[in-house]
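K.L.:
Encoded as structure tokens, here's the structure I'll be asking about.
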Amino acid sequence: MRYLTLYIEISVLCVMLLVIIALQSSVRLNNPNYKRSYINAVVCTMFYVSFDCISRVASYGKGREYIDLLYVFKSMYFVSETVMGYLWFVYFEYVLGKGEEYQKRKEVLNSIVMFFVFINFFICVINSQTGIVFYYDKDLTFHLGSHYVLQIVLAYIYLITGSFQAFSKLFSSDEVIDRRKHATLAVVPFIPILFSIIQIKFNWMPLISASVTIVSLLIFFATQEDLISKDTVTALNNNREFMRRMYDEVAKLRDDNFAVIYLLVFEIDKIDVIGREQGNDEVGKKLKAFAKIIEDLSVDANRKAIVGRIKVNEFALFMKIYYRESEPDKQLYEERAIIRELKSDIKNAVARYNAREEQLYNLDVNIGVSRYKIEKNGVPNCFKEAEENMRKDRISKEQIKRAVI
């Protein structure tokens, strides 16, 4: 019975961990299809672990009296394994940037997986009489059948496909965080396969259930930036979500001749000094204060700007300006007037905050501005120009301070 207790304890722990990561990933909204695919995969994994535990419990005690029910629970365990593999594959599609392709092929892929589920169910029905996949002996000891490999193929064919897709993306990724993410997705599907082989020898431990839970955690840690769209400190858009929304607006700009996009980047000065001398609480206070300032001003006067925290001490804001004038010179003057007004409002709001709060270090912000140009690498170039102008603003302030001293 101590093995049964251990089995139950590990299974309950696995389910609790899965509940926690499901709740964590659903706290902050990102792309709904993206998030839904992850939640679906995690919930199915919970059922998978639960069926494993229930079938194990049922094999003890009065299992001999309910042998048919025991086969039903174990069959549901195997069927849910097939569904789980497919749902994780769907999530992989979104992570690898193939969400639109999946949406186009969704009906076909769903039909294929339903066929696989039917085949799996049919095999389980036959298995109840023949034991070709699994069977219980007279002592209710679980054994694998001669055709158990069929179950492995049905359960992991989709995951292995997703793994190879991630592996192919690994070498084409430019960013380190993307390479790490793709490397994780390429490797993790083989962990439950390995543990399923090990469990053949150590049948008294829920190795497969534990391994799929570990895999779920690894995937979450590797892709949490994709799942979570809000910065945990300021509740603004995080870097990935900010960039996604900016690229969406840039794509629309190509068909709009009466609008232009401006990018502003902000750097809170001396944030490292504040952290070193006053601690992280004061840093968080400064970050939240400035986040509230730009968030309030982004919607003021119908600006409808998008704001986000893109680095530790950097924020960004982009806004689409619609022309009221028709002549190019007047349009340029109109743009600059709007940006000057926004910068002035931000500086005034920061000054009011500093006057209101008693603090060792004032909230000091450097600002850089750039106008988006429709060109190859337009967004990265726009950021480079804005950050260069922000650097010039910082140097200018330092020179003024030295001159005053």
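Don't overthink the numbers, they just go from 1 along the chain as shown.
Every residue, even glycine, has its Cβ placed from backbone N, Cα and C.
Sharing the feature lines straight out of TrEMBL:
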| type | residues | note |
| --- | --- | --- |
| TRANSMEM | 6-25 | transmembrane segment |
| TRANSMEM | 37-57 | transmembrane segment |
| TRANSMEM | 77-96 | transmembrane segment |
| TRANSMEM | 108-136 | transmembrane segment |
| TRANSMEM | 148-171 | transmembrane segment |
| TRANSMEM | 183-200 | transmembrane segment |
| TRANSMEM | 206-223 | transmembrane segment |
| DOMAIN | 230-393 | domain 'GGDEF' |
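Let's see these features in context: how buried, what's close, how far.
P.N.:
Panel annotation: around the transmembrane segment (6-25), residues 35, 38-39, 42-43, 45-46, 49-50, 52-53, 56-57, 204-206, 209-210, 213, 216-217, 220, 224, 227-228 of the same chain, lying at least six beyond its termini, place a Cβ under 8 Å from a Cβ of the stretch.
Here the transmembrane segment (37-57) has long-range neighbours at 4, 7-8, 11-12, 14-15, 18-19, 21-22, 25-26, 70, 73-74, 76-77, 80-81, 83-84, 87-88, 90-91, 93-94, 206, 208-209, 212-213, 216, 220, 223, 227, meaning same-chain residues at least 6 beyond its ends whose C-beta is under 8 angstroms from one of its own.
Under 8 Å from some Cβ of the transmembrane segment (77-96) lie the Cβ atoms of residues 31, 33-34, 37-38, 40-41, 44-45, 47-48, 51-52, 55, 102, 109, 113, 116-117, 120-121, 124, 133-134, 151, 154-159, 161-163, 165-166, 169, 181-182, 185, 189, 212, 219, 223, 226, all in the same chain and six or more residues away from its ends.
Taking Cβ pairs closer than 8 Å, the transmembrane segment (108-136) reaches residues 59, 63, 67-68, 70-71, 74-75, 78-79, 82-83, 86, 90, 102, 142-148, 150-151, 154, 157-158 in its own chain, all 6 or more past its ends.
Cβ atoms under 8 Å from those of the transmembrane segment (148-171) belong to residues 78, 81-82, 84-86, 88-89, 92-93, 95-96, 98, 113, 116, 119-120, 123, 132-134, 178-179, 182-183, 185-190, 192-193, 196 of the same chain, restricted to positions at least 6 beyond its ends.
Long-range contacts of the transmembrane segment (183-200) within its own chain (CB-CB distance under 8 A, at least 6 residues past either end) are made by residues 88, 92, 95-96, 144, 152, 156, 159-160, 162-164, 166-167, 170, 207-208, 210-212, 214-215, 218-219, 221-223.
A Cβ distance under 8 Å defines the sequence-distant neighbours of the transmembrane segment (206-223), meaning residues of its chain 6+ beyond its ends; these are 7, 10-11, 14, 17-18, 21, 24-25, 38, 41-42, 45, 48-49, 52-53, 56, 84, 88, 91, 95, 180-181, 184-185, 188-189, 191-192, 194-196, 198-199.
For the domain 'GGDEF' (230-393), the predicted model reports an average pLDDT of 86.
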